[in-house]
Number of protein chains: 2
Amino acid sequence: MPVNLPLIDPAQLHAVAGVRWGIAEVGVRKAHRKDLSVMLLDEGASVAGVFTSNRYCAAPVQVCREHLTQGSAVRALVINTGNANAGTGAPGVAHARQTCEALASLLQCAPAQILPFSTGVIMEPLPVDRIVAGLPAALADAQAAHWAQAAEGIMTTDTQPKAASVQLSIGGKTVNITGISKGAGMIRPNMATMLGFVATDANIDPALLPALVKALADGSFNRITIDGDTSTNDSFMLIATHQAGHAQITSLDSADGQALFKGLMQVARQLAHAIVRDGEGATKFITVQVEGGRTGEECRLVAYAIAHSPLVKTAFFASDPNLGRILAAVGYAGIADLDQGLIELHLDDVHVVSQGGRRPEYREEDGQRVMKGSEITVRVGLGRGTASDTVWTCDLSHDYVTINADYRS
Amino acid sequence: MPVNLPLIDPAQLHAVAGVRWGIAEVGVRKAHRKDLSVMLLDEGASVAGVFTSNRYCAAPVQVCREHLTQGSAVRALVINTGNANAGTGAPGVAHARQTCEALASLLQCAPAQILPFSTGVIMEPLPVDRIVAGLPAALADAQAAHWAQAAEGIMTTDTQPKAASVQLSIGGKTVNITGISKGAGMIRPNMATMLGFVATDANIDPALLPALVKALADGSFNRITIDGDTSTNDSFMLIATHQAGHAQITSLDSADGQALFKGLMQVARQLAHAIVRDGEGATKFITVQVEGGRTGEECRLVAYAIAHSPLVKTAFFASDPNLGRILAAVGYAGIADLDQGLIELHLDDVHVVSQGGRRPEYREEDGQRVMKGSEITVRVGLGRGTASDTVWTCDLSHDYVTINADYRS
């Protein structure tokens, strides 16, 4: 069961002018599941993305990067689940290209105007014939109202579809922002996460999109981890269709730019949090705040050391305030000149450690009370400066082992 | 159940001239278990050690470093289990000093001639009074033949005591090398591991010991990982009593020096492997060999990325040749200019990946056959150079979660 993750309500997902989704069942890996999704964009839309830093990046990631670099106007994104098309060598790249060519032919555009995405098992050949054969059915299904279906169509080990949507007003016009994401394991995004798509009909200078998508990823997907495993297929895409009708936003520092950024970040963060809440085997949603660092980077190092520690994560699963494990992670995070005598530790409102040692006032039952909750904030003070950063993660339970020992079978 | 780890046979553990162990039950954490061990050294023995790189290093580690720096002739090592005396602030350091002072008083030597070690739960006050009160009983128990008892006396979550011993001949004299270790969780040594002690009666120039202990750690304890959590208390100590009677070894490059080094490494590596074989919940012993790197360091990065990946470790637990997870770990290990098109992957004798992609000849049943074994070698070729390195680890099972969700309770 995901941690405090309500089921999505299709009626709450605002259509984005200029975007339609079509979904089909093509049997990529298993029969009778929605496993092929096509996102169709009206002419004039702009697209920017960030991708995994994994050097074993999947074939579709390589082709996406190439197509985006060519600067062609993107007309469609095609996503299959059930197979990651990663670790597939040269044939994998050929399969990704073949998918783009087939869809381009149906849409009467150039293959470089198609962006391909895959998610699922690594190192198995992509059943490209079944995908190509299923494209007409996906196109026939295309509707602006199909965001919820698309959220379902990109799932792998996710137990729930993930979507978020907000509306705001810019220049008297309604602007829609809607996104979907997937992911539950192999989650430690290092540019973006295993498939997130956010679209808006805001009218924004396309030149702002690359920096915008990076900033959004840094505030959302690039701050989550489930198991520390950076995926081969991570991709986070931002689409702007410019159809909302207001004057073009030419700077993110303007009032309208800030309003749009805030709305986009709200959606991106909600999607990123949804991935953690639905983390494989997760029973708790944990916020790790590190403050008092010299740089944001060193705060991130400490936050990720805590968030990745199997010992910390199993202690959270057990609701056991075995908090020395957190101190150990702080100590090995990689800050060479860290002074343990300055460390402070809070668990929600409970002040546990002061000047590096357990406070005499600390009572185990207070730690226990916090640990029993399903939403917990760990706050570490480094006592070295004014920088801070936050990472979100989940615990490590028996179900994580069960899910990952059984996946594929 | 540990992986292919025979029970130790006390008769196979050679006494080391000049070393005696005394063990007592003092109730550090639980009653009726051997939890206090004292290693007594004859006058003239030399000691060198390496310690955790964790900045949250325990109080005894701080005191050990200080005493070794002072260069006083070490006469005893005192080790308690049940409490790590880490994350205990200034009172923890005072408790470690108090232990040294009490033992020094009993042995009529200086406190700086005592080295203290602790292992167990972090962030709880050390019951120093019970330890001090138990010292006379430990001293009364001291015998040269008590290595097996000491191996038991330093256990925490270990399911079996760990010891290794060899004899060799140098200059016509018998040289004994015997060691013990402990550790099963919070194992990713980054200088040494959570308590390893190796003693020899070889006559070796004391000036060689610091480099020797570092080289031994680098070939053994610094190449293992169970859960990636670097302990606060890791300590690996090498003791030479010089009593074997042969001419002094003045260079490790001499024939005698090489023979001694080989014997010491055999003991150190056996002790390190024993920790992995008894890893919390371990069902498999996995050797990760990475070759074809530009530097040993980048080979280590890749080997540890594989050895730490929860997805790889759960796949091993399930005997599921979901080998794409290994490729993903290779890709995110941190080599910025890695060319995935040059990667080779072998699982024991099975050639799985060539030029970055799955070989057409590879059959899942061959991977499955290897995965079902209890001793598995993963061999990755990077295709970038001639460097190589090896890391040893275990799988991630339900029992790991059970043990770490229940520890302390």
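Counting begins at 1 with the first residue displayed.
Keep in mind that glycine also has a Cβ here, set from the backbone N, Cα and C atoms.
As annotated by TrEMBL, active site, nucleophile applies to B:T193.
Within 10 Å of the C-beta of B:E280 (substrate binding site) there are 27 other C-beta atoms, taking all protein chains into account. Annotation comment: TrEMBL describes B:T156, B:K182, B:T193, B:E280, B:N404, B:S409 as substrate binding site.
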Under 8 Å Cβ to Cβ from B:N404 (substrate binding site), same chain, six or more residues apart: give me those in sequence order, or none if nothing qualifies.
B:G185, B:E280
Once DSSP output is merged into helix, strand and coil, B:N404 (substrate binding site) belongs to helix
Which of the binding-site residues B:T156, B:K182, B:E280, B:N404 have a Cβ lying under 8 Å from any Cβ of chain A?
B:N404
Those binding-site residues listed as B:T156, B:K182, and which of them has the most Cβ atoms within 10 Å of its own Cβ:
B:K182
